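Visitor: Sharing a structure with you now.
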Amino acid sequence: MSFWAVTFLEYWKRKMATLAHHWDCMDFHEEEERPRPEFAAMAPTMEPNPVTGVKEPYFPEKTRFTRMFTGSMVIIMMLCVVMIFLVTVVMCRGIISLMMFRTGSPILRTEAGTIANISSSIVSLGLILLMGQVYTALAEQLTKWEMHRTQTQYDNAFIFKVFIFQFVNFYSSPFYVAFFKGRFVGYPTNYGTLFGMRNEDCGPGGCLIELAEQLFIIMVGKQLINNIQEFIIPKVKAWRQKRTLAKVLGDKASHEPQRWEEDYQLVECEGLFEEYLEMVLQFGFITIFVAAFPLAPLFALLNNWVEIRLDAHKFVCEYRRPVAERAQNIGVWFNILEALSHLSVIANAFLIAFTSDFLPRLLYQYKFDYDLKGYVNFTLAYAPLNYTEYPMCRYKAYRDNDGNYSLFYWELLAIRLGFIIAFEHVVFFVLRAIDWIVPDVPESLELKIKRERYLAKQALAENQEALLVSRGRGAAPATPGISSPGQ
C-alpha cells in the first residue's frame, strides 16, 4: 500500500501536468491573481503591488501574523476538546463493559468487550461528524478574519486548518486503539488507573481486531452518511430555493420559464472543498491503517463507484454551473497527500511491530519451537502469589512472578525497534527510487512543450525580421534630383 500510494501520487503529478498544459495554466502563478473581493472591501489601506506596481488594497503583514497566531491558539483549544471527547469515549467503553459484566448473563459477559467497542465506535462516529461541522464553520470565520490577499492563500489557510482538525478528529480514536490501548495496564497488584478506573486492556485476540472493528464503523459509517447527505441535501436546498422564489415572484412567475430562469432555481455550487476533504480522509484510512484493516481499499472502491454517480447527478442536475477559476495544480491538497503517504509507512511499521503478533511469533519460532507449540502458554505470565487464592491466575504479558519484565520482553523490544528502522529505510528507499524513475512530466508532453516553445521563438524571430524590413523600407530616403547649371 505504501508503494501504491507513492506510485499513485507520482502518476497524479503527470496527470496534473497534462491538465495544466491542456488548460494553459502551466505558467500560472499566484502573483497574477487579483485580490479577493472580500479582501478588497475590508482592507484598510491602498499600497502599490511590488510585482505590478499598481496600487491595490493592502493589509499589514504584522497584523495578519498576529491574527494567524491567535487563530492557531483557537485551533489548539479545539484539538484539546477532541482529546477530551476521546477520553470520554474511552470511559464510556469501560462503563459499558462493566454494565455487561454485572448483568450476570454468560453471553453478555463473554461479548462485553466487543459490544463495548462497537457501541463506543458508533458514539465516536457521531461526535466526529458533529465536531467536524462545528469546526468547519469556525475555521471559515477564522480564515476570513486573517485577511488573506488572494483566493489561493485563503483556500490554503482554510484547507490546512480544517484538515489538521479533521485528522485529529477522525484518526485520534484509531491511533489510541492501535498504539496506546493495552500499553499502560500494569499487572496484578499494580494496575494503572485513569480517574479511578483501571486502564483498558486489549481483548484475548489483541488490539488489532478491535482496531479493524473501529475502522470499519468509522470509515464505512462516514461513507454511508456522506452519500445519503449528498443525495438528500441538494434536493432539499433546491426545493427550498424554488419555494422562496415562488413566494417572491408570486403571480409574476411566467407559465413557461426561460432556460436561464430554470437554471437560477438550481442550488448555488459551493465548490469542491468537501469533495477533496472526503477523498483525502479516505486516502488516510486506506494507507495508514491498512495493516489492521486490509478490506479498507475495497470499501473505498465501492464507495467511489457510488460517489462518482452521486456527484455527477449533483453537479449536472442540482447545482448551477460553477464559475471557472484558473489553477496550476490542486494546491496544498497534494502536500497533504504526500504527508499521509509518508505517515502511512511509519504507522504500518509500528502496527506490524507493536500491535500485531507477527514479531513475537517469529522470535518464538527462532528461539523455541518452529511449529509454535506452547506459544500461547508462553505469552501468559503468572500473577503474584499474594494476589489471589487461585494458584494458577494468568494474564497476558512477558513478566516474571514478581511483575518484572522478562528477558524475552527486552529481546522482543530490540527486535521490534530494529524491524521499524529496517522497514522504514527499505520502504523509503524504494519510494525515492519510484520518485526518481517516474518523471513528473510525461515524455510526450515534454516534447510537445519544447516544440511549442521552438515554434513560438521562430514566430517571434520572423515577426521581428519582418518588422525590421518594413521599417527599413519606410525609412529609406528618396534619391534627390540633380539640376543642371543652365536651369
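Using the three backbone atoms N, Cα and C, a Cβ is placed for every residue, glycine included.
Remember, it's a predicted structure, so these values are computed and weren't measured experimentally.
Copied straight from TrEMBL:
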DOMAIN    1-452  domain 'Anoctamin transmembrane'
TRANSMEM  74-96  transmembrane segment
TRANSMEM  116-138  transmembrane segment
TRANSMEM  158-179  transmembrane segment
TRANSMEM  280-302  transmembrane segment
TRANSMEM  330-354  transmembrane segment
TRANSMEM  407-431  transmembrane segment
Visitor: Thinking of Cβ pairs under 8 Å, which stretch from 74-96, 116-138, 280-302, 407-431 has the most of them with the transmembrane segment (158-179)?
Guide: 74-96
Visitor: Hey, which bits of the same chain come close to the transmembrane segment (74-96), Cβ under 8 Å, at least six residues off its ends?
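Guide: Answer is 112, 115-117, 119-120, 123-124, 127, 131, 135, 138-139, 142, 161, 164-165, 168-169, 172-173, 176, 194-195, 197-198, 200.
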Visitor: Which residues of the same chain, at least 6 past either end of the transmembrane segment (330-354), have a Cβ under 8 Å from a Cβ in it?
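Guide: Result: 1-2, 5-6, 9, 12-13, 16, 152, 155-156, 159-160, 163, 178-179, 208, 276, 280, 283-284, 287-292, 416-417, 419-420, 423-424, 427-428, 431.
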